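Student: Copied straight from TrEMBL:
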DOMAIN    3-140  domain 'Nucleoside diphosphate kinase-like'
BINDING   Lys11, Phe59, Arg87, Thr93, Arg104, Asn118  ATP binding site
ACT_SITE  His121  active site, pros-phosphohistidine intermediate
Amino acid sequence: MSTERTLVLIKPDGVARNLTGTILGRIETKGYTLVDLKLMSATRELLEEHYAEHVGKPFYEPLVEFMLSGPIVAAVFEGQRVIEGFRSLAGSTEPTAAAPGTIRGDFGRDWGLKVQQNLVHGSDSAESAAREIGIWFSAS
Ligand code: DAT
Ligand code: MG
């Protein structure tokens, strides 16, 4: 299989908890290569594009509010099967249920009903990765 790229976001909770270096380090330690990186604030428009598949769902508005609540680190990682590999390293969506050893399992928990505070985002397919890298790394 050929080398691929994925978009990783360290969400506002991860940045606020000073986990940026730890999380990037976990990904590098697994063997993936950092090829682009920035600290930025999202806009509502950017998030509507990024989370297009979730627009209209009950958790969409709280998710957007959370993603607007502080700076985000956007990164692009490269490697063979990095899309699948990072999703595996991130763990399942709900931090309480995420397996120990994963980023969400080791550093996350549920804070009330705030499932969205799960530290990281990773693209879920090659198509999503291309689309999302274009959104987060287009004009800057
Ligand atoms: P993932 O981030 O694991 O790819 P997803 O794409 O299904 O998960 O959802 C995007 C984000 O939305 C997720 O990281 C957290 C939030 N979310 C998903 N399902 C939710 C739910 N049932 N309640 C609250 N937030 C949810
Ligand atoms: Mg997703």
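One is the number of the first residue shown, and numbering goes on along the chain from there.
From the backbone N, Cα and C atoms, a Cβ is placed for every residue, glycine too.
A TrEMBL annotation is a machine prediction, not a hand-curated record.
These numbers come from a predicted model, not from an experiment.
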Student: Among Lys11, Phe59, Thr93, Asn118, please name the binding-site residues whose Cβ is nearer than 6 Å to ligand 1.
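Tutor: If the test is a Cβ under 6 Å from any atom of ligand 1, the answer is Phe59, Thr93, Asn118.
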Student: Using DSSP, how many residues in the domain 'Nucleoside diphosphate kinase-like' (3-140) fall into helix, strand and coil?
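Tutor: Final tally across the stretch: 59 helix, 28 strand, 51 coil.
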Student: Within 10 Å of the Cβ of Thr93 (ATP binding site), how many other Cβ atoms can be counted across all chains shown?
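Tutor: Its Cβ shell of radius 10 Å holds 11 other Cβ atoms.
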Student: Give me the CA-CA distance between Arg104 (ATP binding site) and the residue listed as 'active site, pros-phosphohistidine intermediate', in Å, as a whole number.
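Tutor: Per the Cα atoms, Arg104 (ATP binding site) and the residue listed as 'active site, pros-phosphohistidine intermediate' stand 10 Å apart.
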Student: Just counting, how many other CB atoms are there within 10 A of the CB of the residue listed as 'active site, pros-phosphohistidine intermediate'?
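Tutor: I get 22 for this one.
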Student: Where the residue listed as 'active site, pros-phosphohistidine intermediate' and Phe59 (ATP binding site) are concerned, what is their Cα separation in Å, rounded?
Tutor: 16
Student: Looking only at Cβ atoms, how many others are within 10 Å of the one on Asn118 (ATP binding site)?
Tutor: 26
